[in-house]
């Protein structure tokens, strides 16, 4: 339960917060008014009454991972009072993103991020195949679709599920009305994350683009690839009358063509069980432990494992450098596909920087592909 002293402290610092002054600065400025429960020194401010990670152990303000952060983020005052702990505001200007074409003739990856409401942020990556049309359509319309659903539906998992299905239906209408027959075979992955109040993180995905959270320096996977290798996905394909065939590299494809079992678009494969309904994940952030969220396309995922992604990002000074580092590393490892990364910093950014990086020597250098 949030103490009265903390509530008073947050409220008294409201004006400074509006001026983008960190709560840590307020605490240091007001140290002479500290209650007996807290004591301060010139090196750090300590308080035994707050436990940011739920460990039950006395905590220092530095434990939150935001007080000495190199990214100066203000505090979200209402959520901080609501949840009883400091919640940093995620500034979109600090989000890192990078996209490289690789050895492809065209970059079919798309990405985006935006503030949808005062409480909700949006982050997304789309990896198109069979042309960029489906990825472009999602990039153009998904954000608004989600925004329109938010006032009518409070559950973010439901919002994203409805948005994916609506966008897929809208793309089908668009493709059937178009004179361009290639739109019928255009499709895309979609991995979309919504962050509410700086604490509630919800991710929805179809295809094999991924989202992972770095917690205490370790990767926490928030998505699972939709491929014919999954028993449940393969059974659905067969139930719909489709089949799975393997190419010369041993990669399974739906009807011998598509390397994924869920996507937006791919209208010619809907009858074979390729669906647009996403799988969703909801997680509560702990800014004392959580360094960043990263969204990646398969040009990265098939070459750089999750721990390596965490390590590469943790070595970087800021998220922009990190996004470029991850995409460039995939190129160095031999990917031929488009590579895209979106890096969203959280409270523990920079807290788990390691001096050593463990590399995977079991890496496959076979180029990824959507089509057999």
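Here the Cβ of each residue, glycine as well, is placed from N, Cα and C on the backbone.
According to Swiss-Prot, the listed position annotated as phosphoserine out of 80, 182, 248, 362 is 248.
In Swiss-Prot, the region 'Critical for association with the BCKDH complex' annotation falls on 46-61 of the listed ranges 46-61, 62-77, 94-109.
Listed by Swiss-Prot as binding Mn(2+) 2 are 298, 337; the candidate from 127, 136 that the record includes in that site is 127. Of the recorded residues, residue 128 (Mn(2+) 1 binding site) and residue 298 (Mn(2+) 2 binding site) place their C-alpha atoms 11 Å from one another. The Cβ neighbour count for residue 337 (Mn(2+) 2 binding site), using a 10 Å radius and every protein chain shown, is 27. Shown are the binding-site residues 127, 298; the one with the most C-beta atoms within 10 angstroms of its own C-beta is 127.
A distance of 23 Å separates the Cα atom of residue 127 (Mn(2+) 1 binding site) from that of residue 248 (phosphoserine). For the recorded positions 128, 248, the greatest number of Cβ atoms within 10 Å around a candidate Cβ is found at 128. A separation of roughly 18 Å, to the nearest angstrom, links the Cα atoms of residue 248 (phosphoserine) and residue 337 (Mn(2+) 2 binding site).
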